[in-house]
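K.L.:
Okay, here's the structure, questions in a sec.
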Amino acid sequence: MRKHPQTATKHLFVSGGVASSLGKGLTASSLGQLLTARGLHVTMQKLDPYLNVDPGTMNPFQHGEVFVTEDGAETDLDVGHYERFLDRNLPGSANVTTGQVYSTVIAKERRGEYLGDTVQVIPHITDEIKRRILAMAQPDADGNRPDVVITEIGGTVGDIESQPFLEAARQVRHYLGREDVFFLHVSLVPYLAPSGELKTKPTQHSVAALRSIGITPDALILRCDRDVPEALKNKIALMCDVDIDGVISTPDAPSIYDIPKVLHREELDAFVVRRLNLPFRDVDWTEWDDLLRRVHEPHETVRIALVGKYVELSDAYLSVAEALRAGGFKHRAKVEICWVASDGCETTSGAAAALGDVHGVLIPGGFGIRGIEGKIGAIAYARARGLPVLGLCLGLQCIVIEAARSVGLTNANSAEFDPDTPDPVIATMPDQEEIVAGEADLGGTMRLGSYPAVLEPDSVVAQAYQTTQVSERHRHRYEVNNAYRDKIAESGLRFSGTSPDGHLVEFVEYPPDRHPFVVGTQAHPELKSRPTRPHPLFVAFVGAAIDYKAGELLPVEIPEIPEHTPNGSSHRDGVGQPLPEPASRG
């Protein structure tokens with residue numbers, strides 16, 4: 001007789017076919033938001049079919065950003081979508097990789113836990129995947145068991161890498177019973193311009209591949225650049241053996257935050273609720289409708305330059321971009337993000353060309369020396385012009401380096417970029433020295449996860465947060481060198497937030513009488529921003545950018561800036577010059 005240890009929780013699997021990047025993560029997130037708005041407790045999980053244990057050491061150009069959870073896991077960027085749409089924190093177990101699964105199974109084999117069995121993909125690998133899927137149905141820290149677990153299966157049906165995950169999902173349905181498991185398949189319906197036709201054959205083949213491994217989808221998401229006509233939906237329902245109510249047309253939406261409305265219009269949430277026999281209420285659109293009004297009916301527009309080294313792939317800064325937009329929503333403003341390659345800002349003329357028409361500058365996190373002098377140059381330009389600046393993680397470190405150079409430490413640098421610098425104003429954290437030296441594992445060893453900080457009561461950041469006790473997520477190996485605090489303070493830079501013991505600098509800023517808004521944080525506040533609850537630092541930053549834009553036409557004396565060079569010196573005489581007093585805007 002089949003056992004049902006978790007009959008209270010339903011499982012919904014989301015797979016993809018035909019092509020990658022169809023929006024499985026956004027589809028899953030939007031459905032999760034809809035079910036949450038119906039009063040259900042939803043949690044989510046991403047299964048990634050790569051052999052890396054986590055994405056922490058992967059190239060951002062290949063993978064996009066690394067999303068850090070509260071408990072310190074380095075996860076896929078889709079977990080960020082889940083948190084933003086569900087408006088709740090997820091644990092590190094929300095991301096499962098092939099690397100994690102194989103590492104666990106091999107470790108068990110070495111300990112002799114398989115009692116001499118021949119260890120194979122089936123059943124040992126699939127059993128470990130099933131264990132991790134079913135574990136998501138356990139009660140959370142508050143003792144609440146989820147009503148629904150939505151699990152996104154990465155990759156595309158037909159990929160070799162995804163097969164163990166799909167097989168495990170099939171076995172979960174067999175184990176829990178068909179009435180407790182739902183399969184949602186996302187497929188492409190391409191439009192052929194020469195013939196003016198939408199083609200259903202790729203979707204039919206994708207579903208056939210899924211059925212060949214024992215999975216018949218309960219519903220299909222048809223991705224297209226236009227609505228799929230009813231006649232084609234009926235054809236797909238017939239050929240793929242799916243209820244017509246489960247064939248969902250999802251044309252491209254103006255904003256990702258419109259997707260829940262698109263799915264609701266097609267009645268996907270109602271179909272899922274009926275199919276899984278879930279308790280529910282009508283969708284409460286109060287909060288989401290307010291968000292959509294702010295998205296589509298802005299009162300003004302501001303331009304923010306994101307000065308980074310991975311700007312060719314916007315996914316490398318996905319959470320930063322979404323946090324900026326959310327900060328704009330709070331002000332009923334549209335934030336236009338100007339993607340600026342940091343290499344181009346190394347000189348004053350380069351910075352002026354790149355930043356001359358923006359209303360704020362954001363310096364995001366990153367690793368490695370490439371582009372660092374450009375980030376520092378962008379800060380120098382913005383500080384002299386009175387442009388609002390927000391620095392995140394590495395951004396804080398660049399603000400500190402720029403401040404140090406402005407008070408005579410012309411060779412100030414980070415130990416990360418120049419281990420032999422005479423003035424390492426940014427130093428390796430003591431517990432990271434062995435790792436940086438190459439004597440320990442690189443992956444998963446940074447200062448990761450949520451840490452508390454104490455803010456100075458009268459600081460800009462305390463005013464933004466409306467409290468002096470905060471907690472933010474981190475991902476770094478380097479910190480401000482406390483031996484240089486007094487010297488750096490001569491620039492006017494204030495260390496406005498530290499760890500509770502006062503040792504680690506968490507926030508820096510210039511007082512409002514020195515600059516309208518320059519704030520840096522060692523943390524990654526973008527990871528806690530939500531579209532309906534924007535992060536206070538981003539709200540304050542966008543507000544400062546709006547004020548700057550409003551003051552652009554006022555008569556302001558612009559000081560002349562000495563030409564900036566990568567080592568912080570002047571082209572004229574090779575001697576470092578302190579920056580002129582920054583322009584102040586009322």
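Even glycines carry a Cβ here, placed using N, Cα and C.
Sequence annotations record features per position, and here Swiss-Prot assigns active site, nucleophile to Cys393 based on experimental evidence. Swiss-Prot lists His524, Glu526 with the feature active site, giving sequence analysis as the kind of evidence. The feature CTP binding site is assigned by Swiss-Prot to Ser20, Asp159, Ile160, Glu161, Lys199, Thr200, Lys201, Pro202, Thr203, Gln204, Lys235. Per Swiss-Prot, the feature UTP binding site maps to Ser20, Lys199, Thr200, Lys201, Pro202, Thr203, Gln204, Lys235. Residues annotated as ATP binding site in Swiss-Prot, with a curator's inference given as evidence: Ser21, Leu22, Gly23, Lys24, Gly25, Leu26, Lys46, Asp78, Ala253. Summarising the annotation, Swiss-Prot assigns Mg(2+) binding site to Asp78, Glu152. As annotated by Swiss-Prot, L-glutamine binding site applies to Gly366, Leu394, Gly395, Leu396, Gln397, Glu416, Arg477, with the evidence given as sequence analysis. Swiss-Prot lists 303-551 with the feature domain 'Glutamine amidotransferase type-1', giving sequence analysis as the kind of evidence. Taken from Swiss-Prot, the feature region 'Amidoligase domain' covers 1-278, and the record attributes it to sequence analysis. Taken from Swiss-Prot, the feature region 'Disordered' covers 560-586.
Help me picture these features in the structure, burial and contacts included.
P.N.:
Secondary structure from DSSP puts Cys393 (active site, nucleophile) in coil.
In three-state terms derived from DSSP, His524 (active site) belongs to neither a helical nor a strand segment and is classed as coil. Just so you know, the Cβ of His524 (active site) picks up 23 other Cβ atoms within 10 Å once every protein chain is counted.
The Cβ of Glu526 (active site) lies under 8 Å from the Cβ of Ser319, Val320, Glu322, Ala323, Leu392, His535, Phe538, each of these being in the same chain and 6 or more residues away along the sequence.
Within 10 Å of the C-beta of Thr203 (CTP binding site) we count 28 further C-beta atoms, all protein chains included. DSSP gives Thr203 (CTP binding site) a helix state.
Same-chain residues at least 6 positions away in sequence with a Cβ under 8 Å from that of Lys199 (CTP binding site) are, in sequence order, Val189, Pro190, Tyr191, Leu192.
The Cβ of Ala253 (ATP binding site) lies under 8 Å from the Cβ of Ile259, Val262, each on the same chain and at least six residues away in sequence. Look at Ala253 (ATP binding site): DSSP puts it in coil.
Glu152 (Mg(2+) binding site): 27 other CB atoms within 10 A of its CB, across all protein chains.
Sequence-distant neighbours of Gln397 (L-glutamine binding site): residues of the same chain at least 6 apart with a C-beta under 8 Å from its C-beta are Gly391, Ser414, Ile426, Tyr478, Val480, Gly520, Gln522.
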K.L.:
Across the record's ATP-binding residues Ser21, Leu22, Gly23, Lys24, Gly25, Leu26, Lys46, Asp78, Ala253, the largest CA-CA distance in angstrom?
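P.N.:
Between the most distant Cα atoms of the ATP site, 23 Å.
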K.L.:
Across the record's L-glutamine-binding residues Gly366, Leu394, Gly395, Leu396, Gln397, Glu416, Arg477, the largest CA-CA distance in angstrom?
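P.N.:
Of all Cα pairs among the recorded L-glutamine binders, the widest measures 14 Å.
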K.L.:
Check the Cα-Cα distances from Thr203 (CTP binding site) to the recorded positions Gly23, Lys46, Cys393 and tell me which is shortest.
P.N.:
Gly23
K.L.:
For the binding-site residues listed here, Ser20, Ser21, Thr200, Gln204, which shows the highest count of neighbouring CB atoms within 10 A?
P.N.:
Thr200
K.L.:
Rounded to the nearest angstrom, how far is the Cα of Arg477 (L-glutamine binding site) from the Cα of Ile160 (CTP binding site)?
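P.N.:
Taking the Cα atoms only, Ile160 (CTP binding site) lies 36 Å from Arg477 (L-glutamine binding site).
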K.L.:
Just checking the recorded positions Asp78, Glu152, Lys201, Gln204, Cys393, Leu394: which sit within 10 A of Lys46 (ATP binding site), CA to CA?
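P.N.:
Near Lys46 (ATP binding site) by Cα: Asp78, Glu152.
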K.L.:
I'm trying to understand the geometry here, so how far is the Cα atom of Glu152 (Mg(2+) binding site) from the Cα atom of Gly366 (L-glutamine binding site), in Å to the nearest whole number?
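P.N.:
Between the alpha carbons of Glu152 (Mg(2+) binding site) and Gly366 (L-glutamine binding site) there are 28 Å.
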K.L.:
Excluding Gly366, Leu394, Gly395, Leu396, Gln397, Glu416, Arg477, which residues of the same chain place their Cβ within 8 Å of the centroid of the Cβ atoms of the recorded L-glutamine site?
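P.N.:
Here the nearby residues are Gly365, Phe367, Cys393, Cys398, Ser414, Ile426, His476, Tyr478.
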